[in-house]
Ligand code: ADP
């Protein structure tokens, strides 16, 4: 029923109800504050006019099994219905409750007439003294919400229909008004809540009706300017603020209105205290139906402090970065400072070792050297770790040969593995790219760390290194490396921790094996930087498998087939080795190029395989034989095979470990055509096979084994070396080390001296320190390169302290060919020297030769020294021709010519009293006549050696 309908109904009632109607109209319009009083008044009005004794209204509680009297009226002569208005259980009056739920009203003219099922009600009513009653349910939107009771305690009432109907209608006013008031109350509380929120918000909120006028504002915005809400609302900016503030605000508002869409802006403005504050304003236009902006709603946060903090933070960050740069610079310097004296320690120990020492002294030196190595390793680890911490470690992008890096890492650890009697195998699977772009030294570092751990923690068995190509994505290869060992293994519970810094499997391990616990942490970071991850599988007591993946850009793919071996699919190769892994490596490399491989695990099996396949298409052409096998050794097997007619033509290749190198050198006597040292490098293996099969001429004439033999008696060639080094100790060590290998060098103490030296003399190799006074190594190299232009390229090797990332790139950029780091590993130095003079023709040092022989000639002949010198010079001028003639004759095995040329040499050297050459020539002539080539070569080599 609507408000209006209700008023009409009330108006249309009997005249004696006019009074009620008046009262009622008041009640219908009552507000929430006066509701309780008006309700009571209304009940009283009804009660008095209609002569009731009591009227009460029950409303059900939220839990509808309870109810509570909300209002009650009673004549002064009777007791109130309830002394306390509290919750009551609905079902104490079950009959009445049922009636209320199902009927529009319940009429009780006289309680004596109540039906028998209303026994509880009869009892209660009687106790309360009720004689007659009318109970009308109160509903709202068809829901029962309570009931109203009209009672007489003095008389029985004969309720007529009209009266009941009228009271029913009136009753509706109660429920209607109650619900209205309830809604209003909750609405008020919402409004109140919102204004509480708006006015208590820390954020400033305001609405503008145009560029210069406020519509409404919250407390926060008003108080920012030290004003009240009412000072601002519906006011013009220019009426509220001083001209400057009004100008700033209107300019800001104008810009926001212009945007015509949600916008954000920072505004600096003075607050009530005259402080400049920075506000971050967000605005949103509220538009009318025509699309015009009705209000611009703005919110603002004071971000002054936040901005200040940001600036502070930025400053702090810059300072921290500066400190970091200083730290890494410090690291660089420290690295340099530490490595330089380390160089001294290493060098002098090395030199000391080559002097005459007692056994005990040698032992001490060995211990000192190994302690220095450990120290250097620790220093390197700590420096790397600090660089990682300072995020200063970067990866280089250099093109490099993957196989070489892996094999280099392995060969570095061969001596230690050999010492412990461990086998090291390398297997680089097909598909692994030849060349990649990445950081070769960091990859080598990870591999070295894993392999050295494997060697360290393994007492017996073998260590395998496997490289595989997993997948490829857009010219980037995902490569998997595995380092397997048969060592002590790692407890499951320790596995999680070993990649963390300073962490070792357990304390006892530390005591037994030493180490910093940084290696794996560094490796793990390096692998991450190479786009991969590292993990380990291990069984305690059985061994470990460390695996890591990295992503490297492919520069040159794996060559499909080695063209040399293309047509050799009928060639069968036998590998005899007790190590299954080793056999697998050989097999894999040979299968890659299409050769057929048979395996035998010992000499007996080898012989059986050879004999059983002798007259078949599987006939063995080459046997690769391990030197050390249980039972019969490689030598013995070779001897046996050479005595079996069907096996004697099989080409034999010996496999030795590096500790057994001398067995390799003697292998030729046992019928081997060449030997290889383990771990086997694929290219060496293929080269050996190619030479054995006659597919390729070896660099040296008689195969690999011979290569080593010949090397030892080769003409010593004097390399021209320049050392550029400012540090005296380092110079001393370098020179002494060269001396110990019968070499000398020129010395420059800074870059500018080096420049001068190179312009005056033709050097084979220059070792250039990088940091020097006057002119550093980089600049000196760059200038040397400019000086050379296109004519020549002197080999320049940078000697770096290897302190900072990017050092190597800097060297290469400056025009250096390669670099070595301090402390200098002289093995590398000698390899570099050897490499650079490999193709150099031996040069005869005539001057020294004359000086050391002329005295004898002068003494015996009595000639003047000057005259004697002239004769010597004539002799020397003829020598190249003579030597050339001997070389040709040896090459063509023309012994007749050989004897003739030597005869000439014998004569002239005899005349000049050069006894050494004379005696050797006599022997050589004899051997030439006997046609003994090998002896001839050896004697001739000795003659040439006299000139150096
Ligand atoms: P370090 O070897 O210098 O202590 P690492 O970080 O290289 O530090 O190795 C951490 C620890 O992990 C080692 O101390 C050792 O307990 C364990 N560990 C590493 N590699 C192996 C391995 N191949 N076999 C058994 N334990 C290993």
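Here the Cβ of each residue, glycine as well, is placed from N, Cα and C on the backbone.
Listed in TrEMBL for this protein:
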DOMAIN    263-315  domain 'PAC'
DOMAIN    333-554  domain 'Histidine kinase'
DOMAIN    572-693  domain 'Response regulatory'
MOD_RES   626  4-aspartylphosphate
DOMAIN    720-837  domain 'Response regulatory'
MOD_RES   769  4-aspartylphosphate
DOMAIN    864-948  domain 'HPt'
MOD_RES   903  phosphohistidine
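Features per TrEMBL, on structure.
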| residue | record | contacts (Cβ under 8 Å, 6+ apart) |
| --- | --- | --- |
| 626 | 4-aspartylphosphate | 576, 577, 578, 579, 582, 634, 655 |
| 769 | 4-aspartylphosphate | 724, 725, 726, 727, 730, 777, 799 |
| 903 | phosphohistidine | 925 |
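Here the domain 'Histidine kinase' (333-554) touches the domain 'Response regulatory' (720-837). Their Cβ atoms form 3 or more pairs under 8 Å, with each pair 6 or more residues apart.
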